[in-house]
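Quick look at what TrEMBL lists:
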ACT_SITE  42  active site
ACT_SITE  200  active site
BINDING   158, 159, 160, 161, 162, 163, 164, 165, 166, 167, 168  ATP binding site
DOMAIN    128-208  domain 'GHMP kinase N-terminal'
DOMAIN    278-333  domain 'GHMP kinase C-terminal'
Ligand SMILES: C[C@](O)(CO)[C@H](O)COP(=O)(O)OP(=O)(O)OC[C@H]1O[C@@H](n2ccc(N)nc2=O)[C@H](O)[C@@H]1O
Ligand SMILES: Nc1ncnc2c1ncn2[C@@H]1O[C@H](COP(=O)(O)OP(=O)(O)OP(=O)(O)O)[C@@H](O)[C@H]1O
């Protein structure tokens, strides 16, 4: 492609995004049967991977902590007639922003993804974890009435960062639909669907800070959350979680028993020693991660820096938001995506009173 053609192509893509954005009307999500949801990111203060199990997953002890950084979701549910559903399904044929789910193919889900991360994230509705959450919850509770679900996701959490954005969006949809469908938030079926969607989804139903085991989805107990400032630094390239675990199998790296014992008995997030034995595998797949680690350690001190999950975001805990902002600015100047934020007590939740 010539330079001019490339520029035209980029302009076209930008115009398309702008046109889509112009169609977004906040009014769609006002009034009855609508809600706004907060969907936070997480970091793993501890990730101690153990043996590979028969189902391919690995045992994992982890301490997750929610961040103030979050996506915002808007959800609208509309009961419609079977004829109306059939008509809308026919009209949506070939569109990637809609998908049909539920036990009787009775849910028409439309997802409008507004990417604020600069990644130009494009995910077909059928592949979106938010859709899978709606589909599986409907199946789990036998929700078979014709219904249109409209979802807008404003993404601030970069994908493939080990920050759990997709999992958090799925948890937010579970919380929103449980409310819309009169299912108690603590219903076992909600937690079960969460676990079936991925290792991280269950955490976001609780949020704050928690110690989990199993494959990282069984909540053991909560810890007192911290409010420390955080700076996130992410390389452009991502790391596939599955590939990181595969590499870990090829070159295992046992977790330190000493750190594990300390973190298992911690009652506050601030007492947790940072450790991640999946990090060497991720660094082997994406060597730039070690550049970020070394650079961030110079800024924030060795013991305050860690890769989150399978990466590719590395975080540093610092004392003030001003310090987090200073480091984020310097990281951005080096060509990395970076954000100042803080640890928080957030969970996937409905924003009250709107
Ligand atoms: C790295 C972490 O983010 C730490 O919180 C999680 O362990 C991964 O969470 P996630 O992205 O929700 O991952 P999932 O979608 O459940 O799994 C992606 C892939 O990672 C591998 N996987 C994940 C979790 C786990 N305990 N053992 C694994 O081996 C599996 O190959 C799986 O197919
Ligand atoms: N709602 C969603 N938001 C972001 N990514 C999604 C979503 N639904 C599906 N995905 C897919 O999942 C992939 C990983 O997204 P996500 O941001 O959850 O990964 P991650 O930051 O590595 O999280 P984790 O810590 O759970 O591994 C994306 O590349 C995308 O293709």
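First residue shown is number 1, and so on along the chain.
Glycine is treated like the rest: Cβ placed from N, Cα and C.
Please treat TrEMBL annotations as automatic predictions, because they have not gone through curation.
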Checklist entry - Out of the recorded positions listed (158, 162, 164, 200), which are within 10 Å of residue 42 (active site), Cα to Cα? => result 162, 164, 200
Checklist outcome for this item: Among recorded positions 42, 158, 168, 200, close to ligand 1 by Cβ (under 6 Å) are 200
Next on the checklist: What are the sequence-distant neighbours of residue 168 (ATP binding site), meaning same chain, six or more residues apart, C-beta distance under 8 angstroms?
Outcome noted: 39, 40, 41, 42, 70, 71, 157, 200, 201, 204, 348
Item to check | Among 42, 158, 168, the recorded positions whose C-beta sits under 6 Å from ligand 2 | outcome: none
Checklist outcome for this item: Apart from the site residues 158, 159, 160, 161, 162, 163, 164, 165, 166, 167, 168, the 8 Å Cβ neighbourhood of the ATP centroid comprises 41, 157
Next on the checklist: Long-range neighbours only, meaning 6 or more apart in sequence with Cβ under 8 Å: which ones does residue 162 (ATP binding site) have?
Outcome noted: 43, 44, 239, 241, 307, 308, 309, 310, 311, 312, 313
